[in-house]
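What TrEMBL records for this protein:
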type	residues	note
SIGNAL	1-26	signal peptide
TRANSMEM	77-98	transmembrane segment
DOMAIN	86-288	domain 'TM7S3/TM198-like'
TRANSMEM	105-123	transmembrane segment
TRANSMEM	135-154	transmembrane segment
TRANSMEM	159-179	transmembrane segment
TRANSMEM	185-208	transmembrane segment
TRANSMEM	215-235	transmembrane segment
TRANSMEM	272-292	transmembrane segment
Amino acid sequence: MTAVARPHFLLALWWLLSQLSAVVFAKPVSPIAPDIYARRTDPVVSHSLNGSIIILDPSTQQTIPQGPGTDGCGAGFSFPAIVWIVFLLVIGIPLAVAGIRGWRCTTGVSIGLAAMVCSWAAIINSVNEVGISDILLTLIVLAFGFLGLVIGFFEFARIVAMVILCLIGGLSFGMRITLLKTDLLFASLGLNWLIIVVLGVAGGLLLIWKNRIAMLIACASSGTFLTSLGIDLIFNQQSGLSFGLRSLFDSNDNHLAYFLETTYEPTLSTKIIVIASLGLTPAFVYAQHLLFKQPFTRRGPSPSDEELCLNYPTEDFSANRATAFFSGIWDGAKLKLSPSRFSL
């Protein structure tokens, strides 16, 4: 019996979540800390006569232009918001319920998600005070995601996609932990990211020793994270987890005033959604382990030496070498199948 099937494994996770919930629902003992939003520079914050925040560059004493810290989700139930809600639920629910059986779909989603997160973070941290429209930002990020999805379909990307998904699973679990309290779990942005990175690396390292368990956790954690984000967008729109993710990722000096004026305060519904997603993660891990015992890969076993020697053709098939090459990239038929449940 594997570790995911042992009762004490699930009991330990439930105990951790119960202790975490006691901390989350406790009242903060200190006021909001503006230094939570660490920036590349240490700007000077002042206030104008009308009460608006002015950000000054300490080296030049010049005003840093400020703009809205948009994330592409629009406002309320605008078109970009609906697109993201549908995307998150369509991808998140199947990944949480049956990601271990997704094969090429799972590997494609893995690289697609990584491409989307990287492109989204790069754009919001590089735009000026004018910014970019939510529709255009959404289209760009989805385009990167589609490109990653296509790449992940091919056999040559399978190992990389597995590693990426395990990293995403750990990172998404850590993000939900840090997003449970007002102004994040710790006053220091670096400490919050330390927790996230440690869990992400742990998920990636687990793939080396327990690849099936690692992939089960990765699929369940990533799927529940996406689903919880989609549900929270329905109930809390852009002021819930969406704003919390911006607080974690956005280090653009042109958005500093926006984050100082707007505080991340998760509502009770947001906390319930996040804690429920964390609690359901081990449940989906166990469910997928019981329901899908077959190997992740669907390729048949490699032919034996006797089968290869039998009626071996002597004709020249050099004209078909290109076709055979691309066929091998697609299905990996020439790669040896690992005896483990989740083949590496």
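Even glycines carry a Cβ here, placed using N, Cα and C.
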Using Cβ atoms only, state whether the transmembrane segment (135-154) and the transmembrane segment (215-235) have three or more pairs under 8 Å that are 6 or more apart in sequence.
no
With pairs closer than 6 in sequence left out, are the transmembrane segment (77-98) and the transmembrane segment (159-179) joined by 3 or more CB pairs under 8 Å?
no
Counting Cβ pairs under 8 Å that are 6 or more apart in sequence, does the total for the transmembrane segment (272-292) and the transmembrane segment (185-208) reach three or more?
no
Any contact between the transmembrane segment (77-98) and the transmembrane segment (185-208), i.e. 3 or more CB pairs below 8 Å with pairs at least 6 residues apart?
no
